[in-house]
Amino acid sequence: MDTSTSVSGSSAANSEITSSTQYSQSRARRAAWGSFVGAVVDWYDFLLYGIVAALVFNTEFFPQVSPTMGTLAAFGTFGVGFLFRPLGGMVFGHFGDKLGRKRMLMITVWMMGISTALIGLLPSFDSVGWWAPVMLVLLRAVQGFAVGGEWGGAALLAVESAPKKRKAFYSSGVQIGFGVGLLLATGSVSLVSHYTSNEDFINWGWRLPFLFSLVLVAIAWWIRNGMDESQEFEANKTLHERPRKSASSRSLRRCARTPKPSC
């Protein structure tokens, strides 16, 4: 009796939530736009590191070794970001399922932007010795951690907010953001190197594209702040909360009907 009632009640709640989840075009567009812009910023930051590593990091952070070894060490730090991407995906995916997609994406975009700007402010090896490459590796790990959480979270938010027959289209901005971010990163380095001498670019010019990340992050945060939480996440959260409330209510009613010593 209780089992059949529970199953029918759960089915009714499920159908009720499904029918009440309305996918408005404006809400879907905001989610898709926010996912796209955030992906652009995160990939700009992530790939900018690789471009500058090939040009500057061997002399700025690894001058104590040969030029060849310095270049290999610079690209080794670039690879650290890829090692931390899966970890970021798992951690932010876990908390995204519990706390919401939007909240995690607000964190990832700021985490990426701040770590990128700090790379632009790092002292060189000549100033602080081996602390410079150590801090570089740590900030690169944070970048990888952030972009790992961004990739899955942005795609999920766009898919879950989109109309049923347009999910693939609305989530495509996450992949497009990769290409746009790469173009921005390449363009910013090319622009700075064009208007500075080779010496100035190595001394301070390379830092400007990293600091520019804060401007992009502020824009992405403003756009994402206007997004709504994923409708599917809200519906599933409501669906999982109802059985717990129902079970708690049934336990209280049984306890009220049972003599006190048995309770």
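Here the Cβ of each residue, glycine as well, is placed from N, Cα and C on the backbone.
Quick look at what TrEMBL lists:
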- 242-257: compositional bias 'Basic residues' (COMPBIAS)
- 31-263: domain 'Major facilitator superfamily (MFS) profile' (DOMAIN)
- 234-263: region 'Disordered' (REGION)
- 31-57: transmembrane segment (TRANSMEM)
- 69-92: transmembrane segment (TRANSMEM)
- 104-122: transmembrane segment (TRANSMEM)
- 168-192: transmembrane segment (TRANSMEM)
- 204-223: transmembrane segment (TRANSMEM)
For the transmembrane segment (104-122), distant same-chain residues with Cβ under 8 A (at least six beyond the ends): 34-35, 38, 41-42, 45-46, 48-49, 61, 88, 92, 95-96, 132, 135-136, 139-140, 142-143, 145-147, 149-150, 153-154, 157, 207-211, 213-214, 216-217, 220-221, 224-225
Residues of the parent chain within Cβ reach of the transmembrane segment (69-92), under 8 Å, 6 or more residues beyond its termini: 46, 49-50, 53-54, 57-59, 61-63, 104, 107-108, 133, 136-137, 140-153
